[in-house]
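Feature annotation from Swiss-Prot assigns motif 'Nuclear localization signal' to 34-38; the stated evidence is sequence analysis. According to Swiss-Prot, the feature motif 'Nuclear export signal' maps to 137-146, an assignment based on sequence analysis. Annotation comment: Swiss-Prot describes 180-215 as region 'CPSF4-binding', evidence class sequence analysis. Feature annotation from Swiss-Prot assigns region 'Disordered' to 205-237. For 226-237, the entry in Swiss-Prot reads compositional bias 'Basic and acidic residues'.
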Amino acid sequence: MDPNTVSSFQVDCFLWHVRKQVADQELGDAPFLDRLRRDQKSLRGRGSTLGLNIETATRVGKQIVERILKEESDEALKMTMASAPASRYLTDMTIEEMSRDWFMLMPKQKVAGPLCIRMDQAIMDKNIILKANFSVIFDRLETLILLRAFTEEGAIVGEISPLPSLPGHTNEDVKNAIGVLIGGLEWNDNTVRVSKTLQRFAWRSSNENGRPPLTPKQKRKMARTIRSEVRRNKMAD
């Protein structure tokens, strides 16, 4: 096993422990608590994959961090902080919308890289909007926390979430997963649009209505449908 993989996991475990202490003292805001919950699942998955005990890894991670801080000068720390790019946390959903349980009559699940896509295939002929909470850096999506699909009535009918066992994903991973979710929902004649925040940072190839352009496959299917409709109309005449 790569020693850097192990040490990275150990440090992540300790830093999560520190953030948990901050949360326990009620010093964390909503984005902080969101990331804390997601990272806990991620660490459990990584620990299982690596075969490492989280408690033991946390202790070793503490030793690594303490050694680094002991060697780090205040001036070097200031320079590091000044040169590090700052990310922003953007929210389409409330805490209630993010934490709400939801159920599927006809569940479908697909794994796309490090992301899990879930949708209810029983949903038909609905107007649906995709909303997400995520961080942004350099005007691009950095980390997806959670994306959900809502009907006009507020029901959750789809979701994209990071896989705890496969931490890390790219902007393209998210974009591809959004395309899969939209395609699945539109297959049942649902009308899907994307929130303005997602349009700006994660789904740039959309039209002014917040809907993605048709793929070549969708265009061919639509052309066949139109031709069939024209033929039927001519026969009726």
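Quick reminder: no glycine exception, Cβ is built from N, Cα and C everywhere.
Predicted, not measured: the structure shown is a model, and the values here were computed from it.
Describe the structural surroundings of these features, if you would.
Remote same-chain residues near the motif 'Nuclear localization signal' (34-38) are listed as 16, 19-20, 23, 28, 95, 98, 133, 145-146, 162 (criterion: CB distance under 8 Å, separation of at least six residues from the stretch ends).
If you look at the motif 'Nuclear export signal' (137-146), the same-chain residues 6 or more away from its ends with a CB under 8 A from one of its CBs are 34-35, 38, 85-88, 93, 98, 115, 159-162, 169, 171, 174, 201-202.
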How do the residues of the motif 'Nuclear localization signal' (34-38) split into helix, strand and coil according to DSSP?
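Residue counts for the motif 'Nuclear localization signal' (34-38) by secondary structure: 5 helix, 0 strand, 0 coil.
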For the motif 'Nuclear export signal' (137-146), DSSP counts of helix, strand and coil?
0 helix, 8 strand, 2 coil
